[in-house]
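Chemist: I have a structure I would like to understand better, so I am pasting it below and will then ask my questions one at a time.
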Amino acid sequence: MPSIAAAGRGSGAAAVRMAEDGGRGAATSPTAARRFVRCLYVVGFLDLFGVSMVVPLMSLHIKSLGASHTVVGIIGSLYGIMQLFSSTFVGCWSDIVGRRYSLLACILLSALGYFLLGASTSVFLFALSRVPVGIFKHTLSISKALLSDLVSERDRPLVMGRFNAASGVGFILGPVVGGYLTELEDGFYRTSFICASIFLLNAGLVWMLPWNEENIVNMKHEHSKKRTDNSSPIRDRDSHMKPVTNGAMANDSPFQSPWVQIATVLKRIKEIASSDLWDIFLIRLLMSVAILLYYSNFTLALDERFGVKPLFSGYLMSYSSTLGVLAGCLLGPITRLYQHNTYRLLLHSSTFTCVLILLYASALGMWMVILSSTFLAFSTTIGRTCIIDLELTIGGNEASGTLLGVGQSVTSVGRIIAPLLSGIAQEFSPCGPPSLGVGLALIAILIMNINKQKYCSSGNVKLKNQ
């Protein structure tokens, strides 16, 4: 099996050939590729920073426009439904037209939605502003697909973890800035326009990235070779970056007939539906619902069980979010400890998550709640990254946008189901939702054990029609 150094020399030779062929774009060296990835971290940070400035203020704003609680709920549900159905299509579309054009389109159309939100002086305009955001706000999914195109399978969890950490920092800082701005005159409108401006800044950053329009036919085969090599971390750091490959700049023109693009999208979605990935998506659904059941009515449950005030619950959730960012930064050492065995890491993190939710459900004092929240921040962050990596490894990196889009749709289904299950379970006991989450997590762990051989076969299961 070729070594990392040999693979790195092959990548370098390909980069030289691209430069000699005219050099139209350019992440042609490890240094340039690392700079490309760091810029994507900034894109993820700005995306969630802008969104989290506005989202906490939206309910207050629409109420100030005269909307009833029912209307507020309907608009929120419509946004979730649009995200549910659009994420798969947009992810698949990014595989067809290329990451650059799809990412730019999603960022610009999301910016349009936030500009309309800043100009919303009626409930109708408010609802209208949510349409482009609901359909096209998939910038993080496409960015993750692009990162998957850029790095080897071996280093994918590390890079994904850092991307999630950068995005998480934006999610923590955004509400603070938004809360300050809303205290000013016309604060919500200013905040919305600033959010839209941040998206425009993001679009400019994406446009200026060193894109490469050349196709490297053998690059995708090097992913699996590098993942099984046992080289030093120093050489890995210099060799895991790659020039932007077919996934980032697809062969198909983004300006081809819309009907051709739609037909190709539907064909790829059919391939996903007929593939052997149902168990991966079922695991993702079960673990998502289990975690959402833990967080659902969290403040109310702590009040009923321990008499804790909402302010302390808010501090505890912020504390967990901060630890989640730290967990993303620690994924590199953790994956090396597990020798880059994503399946084993996912199984252990899911088992740990199940135990921690059980600890929370049976907690006799607040110290047990704080303990479970502390470690749950780590296990859930690791689990989310590992399930994405397993989807891409087993499903094939050639359709990373489609796979991530379907995965996002699965998570959206969980967000729809979890509040209903939580409400029913909480009718019986404040501990009902997390107890139900434990049961769902156990089913997910059972499925992982049953399909152990499949997950350990290093991506032998691909889409049937590929």
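Using the three backbone atoms N, Cα and C, a Cβ is placed for every residue, glycine included.
In case it's useful when we look at the structure, here is the feature table from TrEMBL:
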DOMAIN    36-456  domain 'Major facilitator superfamily (MFS) profile'
TRANSMEM  39-59  transmembrane segment
TRANSMEM  71-91  transmembrane segment
TRANSMEM  103-128  transmembrane segment
TRANSMEM  163-182  transmembrane segment
TRANSMEM  188-209  transmembrane segment
TRANSMEM  277-296  transmembrane segment
TRANSMEM  316-338  transmembrane segment
TRANSMEM  345-370  transmembrane segment
Chemist: Of the listed stretches 39-59, 103-128, 163-182, 345-370, which one has the most C-beta pairs under 8 A with the transmembrane segment (316-338)?
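Modeler: By Cβ pairs under 8 Å, 163-182 leads among 39-59, 103-128, 163-182, 345-370.
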Chemist: Give the nonlocal contacts of the transmembrane segment (345-370) in its own chain as ranges (CB under 8 Å, at least six residues past its ends).
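Modeler: Beyond its ends, the transmembrane segment (345-370) has Cβ neighbours at 157, 283, 287, 290-291, 294, 302, 305-306, 308, 316, 334-335, 338, 376, 379-380, 382-383, 386-387, 390, 431, 434-435, 437-438, 441-442, 444-445, 448-449.
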Chemist: For the transmembrane segment (163-182) and the transmembrane segment (39-59), decide whether they are in contact, meaning at least 3 CB pairs lie under 8 A, counting pairs 6 or more apart in sequence.
Modeler: yes
Chemist: Counting only residues 6+ away from its ends, which parts of the chain sit with a Cβ under 8 Å from the transmembrane segment (188-209)?
Modeler: 36, 39-40, 42-43, 46-47, 49-51, 53-54, 57, 60-61, 100, 103-104, 107-108, 110-112, 114-115, 117-119, 139, 178, 181-182
